[in-house]
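Read through the structure below, which is laid out as structure tokens, and then see the notes.
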Amino acid sequence: MDPGFSADEIAPIAILMDELRSEDVQLRLNAIHRISTIALALGPDRAREELIPFLQDSVDDEDEVLLALAEELGRNFEEYIGGSEHAHLLLGPLENLSAVEETLVRDKAAESITKISANLSQAQIEQYYIPLVQRLSRGEWFTSRTSACALYHPVYDKVSPQVQDDLRRGFASLGSDDTPMVRRASAKWLGSLIKKLSKQHVLNEGLTIYRRLQGDDQDSVRLLTVEDMIAIAQQLSPAEVKEQLLKQIRQSMADKSWRVRYMSASHFNELAEAVGQDLVREELIGHYVQLLKDNEAEVRTAAAGQIPGFSKLLDKEVILLRVIPCVRDLCQDTSQHVRAAVANQIAGLAPLLGKDATIEHLLPLFLHLLKDEFPEVRLNIISKLETVNKVIGIELLSESLLPAIIELAEDKSWRVRQAIIEYVPLLATQLGKPFFDEQLGNLCMSWLGDNVYSIREAATVNLKKLTEVFGVEWAKVQIVPKVIGMGQHPTYLFRMTTVQAITTIAPVLTLDIVKGEIIDTLLQLGQDPIPNIRFNVAKSLEVLATTFGTNPQGKQLVEQKIAPMLDAQQKDSDADVRFFASKALQQVHALGA
């Protein structure tokens, strides 16, 4: 803001009012985003007396403008109106926004009210916040009542016992509202309130609200009660859960709506951990098996995602008897999404089953999934093999799965090939040099010629990692000659890959290897007819100079071979080559200095 004018002369409130009356939505939106600057210019007193009342009347606007206003008021706006002792003044505009038709605006307003409540004193809460909640709860339109549901739990533990009684009664009435949207909001926020209640209040009142919502005729309400059920179970002892919640658990798991069963399957592990070991053994294992066999693929997918987490709570014998047969069926499932979910989780069973049971029961399933027609299934199995390797050892893994992995190395899906490449350094570490050279060496080099750029790029990074695993001498024999050989290839993509491979692996090689054939090949490619190759050579020479130019021998290489080449490239006919050559030379001169 121009320091030559006072805040009064600029009259920021007038400017804001003009901009908010503008027909241009973007201008109104920009004005709202600047209200903190305007409040700052006005000062705390005028912000309270002029800006807040003005904003309170500004609810007749486009939804995106109202959304921005709801967000701005929740961003520590109390700083601009004199601190937290005046924070309750912000509740007025936000109360209005909590009742508008657009859900996003209401949700953001409720979120901002919640943030402000953290800065209010008990007196402010009881004098301003609680009446606001009560007004919204009794609002004529369902929009205000849905917003009210989100506002009970933030302040429940900050008010007197008498006010807490009123809050519980108010929330209970929202839980039996005539409008499904209000009951849905009530189900959504009940769990948060339950966490603040004493056990006695949970048993006497929380359970009553929950049971009513859990028996609602709308599945959109019932599905939200799954998380409420978990919140209640966490507050009760295993015996109380069995007595008070068992019927509802059974109903949710076998609900006629697949969406409720899906929600139950998605949160199954949380529920299992909350209810106690006895109930898991007696009750939940049966429900889990039913969810894994559900007739809806979405439910089976969600249940499959819980396999290792739930199995941790079971004895090994129970896993083998009850879970593994289901897993076997899911590996043959008609839905590719179910198979992908199983492939992503099945490796997590290996540590629980131990070596022998993994070999007997899981290895055949891995092999089956590795041959699945859907790339994501194969990808998920490959990415989790490390877990299995830790249990059964690399020898068995390579013996049983390596043929399938080699087959996947040429998979038609490039993402699968890329996953295999990323897994190779790990395999190499565990297989050792001789086995690797025999089985996978040629494969690694063949990826450098892949027709997908991402694969060629991953293959060069792979060579660097392998050099770190097996050492520089191995790279000198196994990698360097093959990379150099590709530099003579008639296809420019192969020559380009040579440059990129040298750039990537040079930092882990020795100066002697670089001074050998590598630098000469690079200099030769610096005169390639393809400009892309020439400017990549300039980038590569910069990497070599910065990597090796700090010791005397390296400096000699830079002075005798690298700098002259870059000088020549500065006169190149292609602008990109000249640019990268100049950039590299600057780096070389900086090293010399």
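Quick reminder: no glycine exception, Cβ is built from N, Cα and C everywhere.
Taken straight from TrEMBL:
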- 365-510: domain 'Phosphatase 2A Regulatory Subunit A helical' (DOMAIN)
- 245-283: repeat 'HEAT' (REPEAT)
- 284-319: repeat 'HEAT' (REPEAT)
- 323-361: repeat 'HEAT' (REPEAT)
- 362-400: repeat 'HEAT' (REPEAT)
- 401-439: repeat 'HEAT' (REPEAT)
- 518-556: repeat 'HEAT' (REPEAT)
On the domain 'Phosphatase 2A Regulatory Subunit A helical' (365-510), the mean of the pLDDT values is 78
Same-chain residues at least 6 beyond the ends of the repeat 'HEAT' (362-400) with CB under 8 Å of its CB atoms are 327-328, 331-332, 336, 339-340, 342-344, 346-351, 353-355, 408, 411, 413, 415-416, 419-420, 423, 426-427, 430-431, 435, 439
Counting only residues at least 6 beyond its ends, the same-chain positions whose CB falls under 8 A of a CB in the repeat 'HEAT' (245-283) are 210-211, 214-215, 219-220, 222-227, 229-230, 232-234, 236-238, 290-291, 294, 296, 298-299, 302-303, 305-306, 309-310, 313-314, 318
In DSSP terms, the repeat 'HEAT' (245-283) comprises 32 helix, 0 strand, 7 coil
Counted with DSSP (H/G/I as helix, E/B as strand, rest coil), the domain 'Phosphatase 2A Regulatory Subunit A helical' (365-510) has 121 helix, 0 strand, 25 coil
Residue counts for the repeat 'HEAT' (518-556) under DSSP, helix then strand then coil, are 31 helix, 0 strand, 8 coil
